[in-house]
Amino acid sequence: MLSTGSNSPEAAVLPGKPEVGLPLWLLAELTYRCPLQCPYCSNPLDFAEQGKELSTEQWIKVFREAREMGAAQLGFSGGEPLVRQDLAELIGEARKLGFYTNLITSGIGLTEQKISDFKKAGLDHIQISFQASDEQVNNLLAGSKKAFAQKLEMARAVKAHGYPMVLNFVTHRHNIDKIDRIIELCIALEADFVELATCQFYGWAQLNRVGLLPTKEQLVRAERITNEYRARLEAQGHLCKLIFVTPDYYEERPKACMNGWGSIFLTVTPDGTALPCHGARQMPVQFPNVRDHSMQHIWYDSFGFNRFRGYDWMPEPCRSCDEKEKDFGGCRCQAFMLTGDASNADPVCSKSPHHGMILQAREESETATHTIEQLAFRNERNSRLIAKG
């Protein structure tokens, strides 16, 4: 039986509340609508069945309450946030409140005029994502024949408007062997920051894990090449910064996910559900909604946000582990996805009794034969089919 510990009588009583910090980082998932179909999207599988999006006024109320509580950084995400017609207005209101604002976008739907409007509204930062350095592979993964050309044009336009060029490439077994070409493209575009983020397995990426997880050999090679480029760029005095993010499937200790559950990070989904991380929606927990509760109540008093705070909730082997203050027991969403119980130790940890699942995934990556065309693409049709079971 799947469990987060939230549906049993024993779980109704929480341990004493640990000290709670401020929700410094607010992620506003403005919409699940998106013109692309990336098979590694972190959105929930049943996104097509989610409720009505928050209105402009409701989002502004969220921003105001979060800012009053100490939130400092606000990310606009999705889906594709550009499909919201009120995006410039939301950026402007966030600016008035004093947020540092970041637009996380595919670049599809972006125009020179919108960049100008966002600049006037006070947007601080734009990150554009690519699927690959090769036009054919990029467009195949995105599910759009025009995606690559649009991304190139908008990356240059963002820089021309005075923004630093920040690019994100999600890497996986189908594009990681071209890491050198990806970096060369970024250099040619005069990128300032490049995130080479190996696929993290949540949402659609978890559904497609066997077809996306790189082999260890692929990862080692990609990281070596990235380090070689770093050294070369530094020697040349080049300002481009390369950030290489590995999947924890090849680690022996889990990541300190979100710096701890309900520690500094707060996500609000398109329908107003508030989450301690953007992957938590899959858990069978009744998370609070901003339509019904204040941000103050959600952050400090709601069951969902307090469930895995601190250390008292931990079973063994986490409870007695001398590393628990470093990794907080790892990722609760990953523990739930793989074991059915979010209170279990993250299976990535070699101390977890479920670590064999990770070892099996590594073995499967060595023999996987999935093509890009065989992946389940993130679109409304597939989402509705999944929701129906």
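Each Cβ is built from the backbone N, Cα and C atoms, and glycine gets one as well.
Residues annotated as [4Fe-4S] cluster binding site in Swiss-Prot, with sequence analysis given as evidence: C34, C38, C41. Shown in sequence order, Q131, L141, A142, G143, V170, W204, F377, R378 are the residues of the chain, 6+ apart in sequence, with a C-beta less than 8 angstroms from the C-beta of C38 ([4Fe-4S] cluster binding site). In the three-state DSSP reading, C38 ([4Fe-4S] cluster binding site) counts as coil.
Here Swiss-Prot flags 20-235 as domain 'Radical SAM core', drawing on sequence analysis.
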Q: Run through the Cβ atoms and count how many others sit within 10 Å of the one on C41 ([4Fe-4S] cluster binding site).
A: 24
Q) Applying the rule Cβ within 8 Å of the centroid of the Cβ atoms of C34, C38, C41, what extra residues of the same chain belong around the [4Fe-4S] cluster site? A) L36, Q37, Y40, N43, G79, E80, S106, W204, R378
Q) Same-chain residues six or more away whose CB lies under 8 A from the CB of C34 ([4Fe-4S] cluster binding site)? A) C41, N43, G78, G79, E80, V83, S106, R378
